[in-house]
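What TrEMBL says about this protein:
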| type | residues | note |
| --- | --- | --- |
| DOMAIN | 80-139 | domain 'ZZ-type' |
| DOMAIN | 141-194 | domain 'SANT' |
| DOMAIN | 146-190 | domain 'Myb-like' |
| REGION | 197-250 | region 'Disordered' |
| COMPBIAS | 200-233 | compositional bias 'Basic and acidic residues' |
| COMPBIAS | 234-247 | compositional bias 'Low complexity' |
| REGION | 423-443 | region 'Disordered' |
| COMPBIAS | 424-442 | compositional bias 'Polar residues' |
| DOMAIN | 496-584 | domain 'SWIRM' |
């Protein structure tokens, strides 16, 4: 280390009055000291202090410790590692500075005027502490427009932030370097050259580039480049910094659980496939016998590995389908689904299995062909209907469709205040014979409810069916112990709500739908009820009816159901018709 005490400097009659020079890039005062390599770069950034975007040299108080300050400015500015005088806080980044080399003065820098005046602060003693004279090595060594100081900052930034974080490395270098410029320079100078991994001009004796361009010319080019980019940055519109996503939710990347940077999901297909091979080890030479054959344990391991590879292949095939057909674009696909009609959505859902064996363009063409065929069939059926009605032109067909729609609107029930309900023809009710499953799950009307209702005339003796213990206890008073089944019941027709189109829960795969019978599914479709809330209402009505001896009033059902009175009345009528409760 080339260090010298100030007392030695006086003994050697070194004048403190030095010729004043101006830095070509910044215009700051500099002195004609011998350039020395900064030893600080070899030790990394110890104690980096990040300041706000608007921090200037004047905001540092005199006498504070000299630390490496990294301005966290916006991308593409002249930010970078900044050095300030610990006495007067002047910026000495681009000029000569004096650094104290004593252990008690950590990162202590002085400008030339303060050093010449013998200024001191904190633990610094200018009369006894050794020092270093440091100057920026703004000379090209590898490429014409990159100085040695920028090369050091490039390697230092790559060590701190890691290769690939080119935006952070560009901020660390400063001088309005862009991330693309930094990346291209690193690849061309350090990777894409014949002397990889060393640069092409790594030989210390190779000074042809630095000799061909003088320091003053290089500094003038650098100053011109910085001023041009500074003016371009001022003229450019302000950009809003993009916030990084904090979680894997649709607000960040549309599909929950998907990690775009890794092209993986939090829960993969066959997510436990790695558990079979995570503890498997293969030792060198293991599995070979004396005869050169593979032992049973090695064959078993190879079989497990083959199974694991097949699962990985299946996983990749499914990801390929997702990426090929753009299924990760959730918002776009949802908007397209809303534009289609219900018939088109049903048709497309039936055609989706063919997407696994087609590319995106072929599947789109195939889907459009199916939609076109579907529309042709509808048009043909409509024309056949017009022909049966004696319509021979399109104008008459349009009039027929308008009148047909108006007639259907008049026939649709309008609720409790419908004035034409008495004149509207009633729907024909088809008798429905109970199946074996309905006799086991929903018996017609238990004997205990028949007695409470005061059953009328006795029906003729039909074939007997087995009864449960509860109904047999009520039938024991008659002395025969035989249940009399009810005749074929009439199918309950659910009156639709006013202006409400029924759902299709069986097509949407609603949860708990398998717990309902077919009639209950139709009831939920008409009343727009999900299966789970309907089951809660059903359970509540059954409990209340059991408390009242098996009967329940419609008024009471409307009270404790906590839903629309019309829907509660329809559910009550359905349960009375099914024989689960008795009308009180």
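In case you wondered, yes, glycine gets a Cβ from its N, Cα and C as well.
In the predicted structure, the domain 'ZZ-type' (80-139) carries a mean pLDDT of 83. Shown for the compositional bias 'Basic and acidic residues' (200-233): DSSP residue counts in helix, strand and coil, namely 24 helix, 0 strand, 10 coil.
The DSSP breakdown of the domain 'SWIRM' (496-584) into helical (H, G, I), extended (E, B) and coil residues amounts to 56 helix, 4 strand, 29 coil. Residues of the domain 'SANT' (141-194) grouped by DSSP class, helix first, strand second and coil last, total 35 helix, 5 strand, 14 coil.
Assigned with DSSP, the residues of the domain 'ZZ-type' (80-139) fall into helix, strand and coil as follows: 5 helix, 14 strand, 41 coil.
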